[in-house]
Amino acid sequence: MMELKTLNSVPPIKPPPGHNLFPTLNSPEKTLTFHKFLVLFLTFIAYAAFHASRKPPSIVKSVLGPEVRVVNGTDGMIVGNGWVPFEGPSGPHRLGELDLAFLLAYSIGMYFAGHIGDNIDLRIFLTFGMLGSGVLVIGFGLGYFLDVHWLGFFLIVQILCGLFQSIGWPCVVAVMGNWFGKAKRGLIMGVWNSNTSVGNIIGSLVASSVLSFGWGWSFLLPGIFILVVAALVYVFLVVSPDHVGLELASKEIEMNVEGVALVGSETGEAGEEGVVEPEMEGAGAIGFLQAWKLPGVAPFAFCLFFSKLVAYTFLYWLPFYLRQTVVAGVQLSHQNAGILSTIFDIGGVVGGVLAGVTSDIIEARGVTSIVFLLLSIPSLLCYRIYGSVSMFTNITLMLISGALVNGPYSLITTAVSADLGTQSLIKGNSRALATVSAIIDGTGSVGAALGPLLAGYISTRGWNSVFFMLILSITIASLFLIPIVNNEIKEKLNEGKWLWISVIKR
């Protein structure tokens, strides 16, 4: 059995202030089901607010960067300078470096945030991250009103904002893992993880709607939104059932990534909800390197590196691409390009739910992920080739591409992270979940930082080169999943399932 390093015990955590203001929120007045829905809502809207505040940079790219007019349907000609220091032919490069500053800080901060989150009150830590993010997003927008043209200002704001934003994901995933067991985790997490796409849609619509008043407004409103949500999280979020005297009535045997049952992890089945003692009192977080050695963590982390590279390239550059692309003989305005880009995120909602449901049905996260990744390759090719034929074709292919690209990204960052972070090899130490989710999403975020940077440089050579980079990344992401998929298939065959595969091999 692997020995896992633990830190000092953490003192008991008190219920949030809202439970003192509204005593009826405590048990037995409110049931476990009520608290589950409340946690689901609060974590959903919290991370949606994080993503809404990330969207403005992609919406204002076409305004900050040089004005490009499409010639002969495909080639672009610079006709305007843009906002200094993002003007001229090197403008897209500077914008790509801006994305790199944010996402690199985000990915580095993710590793530390997960480990810190395992050792302090997640509600306080999450609120701290949201407040810092809101202030810095507003600060970026003030660059417009204060007529700031110093590149260093924008870089510093983005770096600090990336560090604060990195706090969000490990916290919300850890809280969800505390409240929801493994049963139907793919479906629950698939629906819940639509928070990223919903946040992107909110951010795109809000930022696009006020863009005509000045690009600074596109930052102010999302910044205010996340500050308001931070207040709700601080007042009402309950991190774990035992913080309000409740217990999950469940009994399950956790499986490792290969599908083999590990040490039984019974969570103390209860006939009905009641006041209980906190489980594993004094348990500490596992070490960073020990978490990397857990089965399945490294393959999924590196797979997410490349799949998130693709997803975040679309997140940060799709409105800019649509602005420079003629659709049905018409070049879109800044506002319409931003609004149209939300179709990709709508597809992401569908893809996340579909991937979660599929993985629950076939009980194989790796197989589900690799199928979505492979199908996304022809989808992206078709979108690049036929997306300009008509608006209907563009919307349809963008919707399909969004579903296939975001499906495995959503599944790995939610259900897979929760599975790996609560497997019985950790001896029931649920506080390891934030560390595992931070490792997986932190590694993915390094890819997320690299993708937009490369797109900024490669796009000056033509968008065909950008799409080639995306397809190559998806192919590499699929390769990392082959060992996991192979083990999942073998386990299903040993269980007497998926026998049609053995027939095909013959």
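Placed from the backbone N, Cα and C atoms, the Cβ positions cover glycine too.
A quick note: this is a predicted structure, and the numbers were derived from the prediction, not measured.
Pulled from TrEMBL, these are the features on record:
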type: DOMAIN; residues: 32-490; note: domain 'Major facilitator superfamily (MFS) profile'
type: TRANSMEM; residues: 37-53; note: transmembrane segment
type: TRANSMEM; residues: 100-117; note: transmembrane segment
type: TRANSMEM; residues: 124-146; note: transmembrane segment
type: TRANSMEM; residues: 152-180; note: transmembrane segment
type: TRANSMEM; residues: 192-213; note: transmembrane segment
type: TRANSMEM; residues: 219-239; note: transmembrane segment
type: TRANSMEM; residues: 297-318; note: transmembrane segment
type: TRANSMEM; residues: 338-357; note: transmembrane segment
type: TRANSMEM; residues: 369-386; note: transmembrane segment
type: TRANSMEM; residues: 392-412; note: transmembrane segment
type: TRANSMEM; residues: 432-454; note: transmembrane segment
type: TRANSMEM; residues: 466-485; note: transmembrane segment
Same-chain residue ranges lying at least 6 outside the transmembrane segment (369-386) that approach it to Cβ under 8 Å: 303, 307, 310, 351, 355, 359, 393-394, 397-398, 400-401, 404-405, 407-408, 411-412, 416, 463-464, 467, 470-471, 474-475, 477-478, 481-482, 485
Stretch in 297-318, 392-412, 432-454, 466-485 most in contact with the transmembrane segment (192-213), if contact is a CB pair under 8 A: 392-412
Range from 37-53, 219-239, 338-357, 432-454 with most C-beta pairs under 8 A to the transmembrane segment (297-318): 432-454
Beyond the flanks of the transmembrane segment (152-180) by at least 6 residues, Cβ under 8 Å: 35-36, 39-40, 43, 46-47, 50, 53-54, 57, 97-98, 101-110, 112-114, 117-118, 122, 125-126, 128-130, 132-133, 136-137, 139-140, 143, 188-189, 192, 237, 239-241, 248, 413-414, 417-418, 421-422, 430-431, 433-435, 437-438, 441-442, 445
Selected stretch (most C-beta pairs under 8 A with the transmembrane segment (100-117)) from 124-146, 219-239, 432-454, 466-485: 432-454
Long-range neighbours of the transmembrane segment (219-239), counting only residues six or more past its ends (CB under 8 A): 13, 15-19, 21, 25, 35, 38-39, 42-43, 45-46, 49-50, 52-53, 55-56, 60, 121-124, 126-127, 130-131, 133-138, 140-141, 144, 174-175, 178, 202-203, 206-207, 210
